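Engineer: Pulled these from TrEMBL:
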- H36: active site, proton donor (ACT_SITE)
- 29-36, 146-149, V175, 183-186: ATP binding site (BINDING)
- Q60, Q152: (R)-pantoate binding site (BINDING)
- Q60: beta-alanine binding site (BINDING)
Amino acid sequence: MTPVVARTRQELAEARSRIEGTLAFVPTMGALHDGHLSLMRQARRSADAVAVSIFVNPLQFGPDEDFDRYPRTFDTDLEACAAEGVDLVFAPTRDVMYPSEPQVTVKSGPMGEIVEGAARPGHFDGMLTVVLKLLNLVRPDVAIFGEKDAQQLAMIRRMVFDLDLPVEVAGGPTVREPDGLALSSRNRYLSPDERRTAAALSRALHAGADAAADGPEAVLDAANTVLDKAATADPPLVLDYLVLVDPTTFTTISGPRTGPAVLAVAGRVGATHLIDNVSLQLGKEH
Ligand SMILES: Nc1ncnc2c1ncn2[C@@H]1O[C@H](COP(=O)(O)OP(=O)(O)OP(=O)(O)O)[C@@H](O)[C@H]1O
Ligand SMILES: CC(C)(CO)[C@@H](O)C(=O)[O-]
Ligand code: BAL
């Protein structure tokens, strides 16, 4: 069945008031792929009804980023939502979300300025601002985000904790191509040659995870060996960062250490910024 499509606050309020039972919510920027669909299936298992938002949020894009060329594929997105049994799609315009230039926004704090936040200044402030607005508008019981954007997920959990938001946050596992490349709406920018180079990101994470029992230095060495080779490929992978961080705070892990960690990587192939990460247990066989 086709989902109810709400484009305005009033349409959303009316559709929301007709939903009975619990509601799970999957916020997206559209250009839906199997990663999004797996979050929708998780949402379906978590609640009586499922809502999806489709909104390319200008606030989280830097001036030199790809806001204008970000893929917008609403008709096929709606078909995908229908096939997954989504009940409600909220697809506001920019003017609906931001009727005037916002004066009060969310400040993501120190965690918003490191790792991906250092590569994309202001990104996490804009992301948290729109997520808070979406949560206030949709009022879900549970909101589901992909682990592919691990720092985003950690920051949303922190916002919910710090601001006492009445919502449960759940993470969904990263869906990958057969060669390991994490699905991402931005993958469609890649030429076949760039696509081949991009696969080095997940290969590096895999190599790092395989060395987890030997500690942080071994993890970074193993991943860097793969990335160094990709840096000389044609076209090359231009590394933005490779970091081993605490899963909750995203602060760097160094020296001998055991326990959970996230190995996160970001790089550019051509003009396309791609990110990926893997969770691992340092100092333990996995
Ligand atoms: N491969 C994936 N597996 C699982 N979840 C994913 C995957 N890719 C994205 N998501 C999640 O889907 C939600 C919407 O993300 P978004 O619409 O930005 O897609 P995206 O593929 O991450 O796009 P982008 O190319 O902009 O990074 C986020 O919670 C994101 O973490
Ligand atoms: C959470 C989100 C929908 C906010 O715009 C976006 O950052 C995304 O798609 O991951
Ligand atoms: N996938 C996270 C949203 C962004 O890249 O802006």
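Sequential numbering from 1, following the chain as shown.
Cβ atoms here come from the backbone N, Cα and C positions, even for glycine.
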Engineer: Filter the recorded positions L32, H36, Q60, S185 down to those with CB closer than 6 A to an atom of ligand 1; keep them in sequence order.
Structural biologist: H36, S185
Engineer: Between Q152 ((R)-pantoate binding site) and M29 (ATP binding site), find the distance joining the two CA atoms and give it rounded to the nearest Å.
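Structural biologist: Roughly 14 Å, rounded to the nearest whole number.
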Engineer: List, in sequence order, the same-chain residues at least six positions removed whose CB sits under 8 Å from that of L32 (ATP binding site)?
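Structural biologist: For L32 (ATP binding site), the qualifying residues are T73, T76, D77, A80, C81, S185.
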Engineer: If the criterion is a C-beta within less than 6 angstroms of any ligand 2 atom, which of the binding-site residues M29, G35, V175 pass it? List them in sequence order.
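Structural biologist: M29, by Cβ distance under 6 Å.
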Engineer: I want to verify one value. Collapsing DSSP to three states, which class is V175 (ATP binding site)?
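Structural biologist: In the DSSP reduction, V175 (ATP binding site) maps to coil.
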Engineer: Around ligand 3, within a Cβ distance of under 6 Å, which of the binding-site residues L32, G35, Q60, S185 show up?
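Structural biologist: If the test is a Cβ under 6 Å from any atom of ligand 3, the answer is Q60.
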Engineer: What whole-number Å value do you get for the CA-CA distance of H36 (active site, proton donor) and M29 (ATP binding site)?
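Structural biologist: Answer for this pair: 10 Å between alpha carbons.
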Engineer: How many whole Å apart are the CA atoms of G35 (ATP binding site) and Q60 ((R)-pantoate binding site)?
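Structural biologist: So the Cα of Q60 ((R)-pantoate binding site) lies 21 Å away from that of G35 (ATP binding site).
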Engineer: So among M29, E147, V175, all listed as binding-site residues, which is physically nearest to Q60 ((R)-pantoate binding site)? Use the C-alpha atoms.
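Structural biologist: Of all the candidates listed, M29 is nearest in space.
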Engineer: For E147 (ATP binding site), write down the residues of its own chain that are at least 6 apart in sequence and whose Cβ falls under 8 Å from its Cβ; none is a fine answer.
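Structural biologist: Long-range Cβ contacts: L153, G171, G172, P173, T174, N277, S279.
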Engineer: For S185 (ATP binding site), just count the other CB atoms lying within 10 A of its CB, please.
Structural biologist: 18
Engineer: G35, H36, Q60, Q152: which of these recorded positions has the highest Cβ count within 10 Å of its own Cβ?
Structural biologist: H36
Engineer: State the three-class DSSP label for Q60 ((R)-pantoate binding site), counting H, G and I as helix, E and B as strand, and everything else as coil.
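Structural biologist: DSSP call for Q60 ((R)-pantoate binding site): helix.
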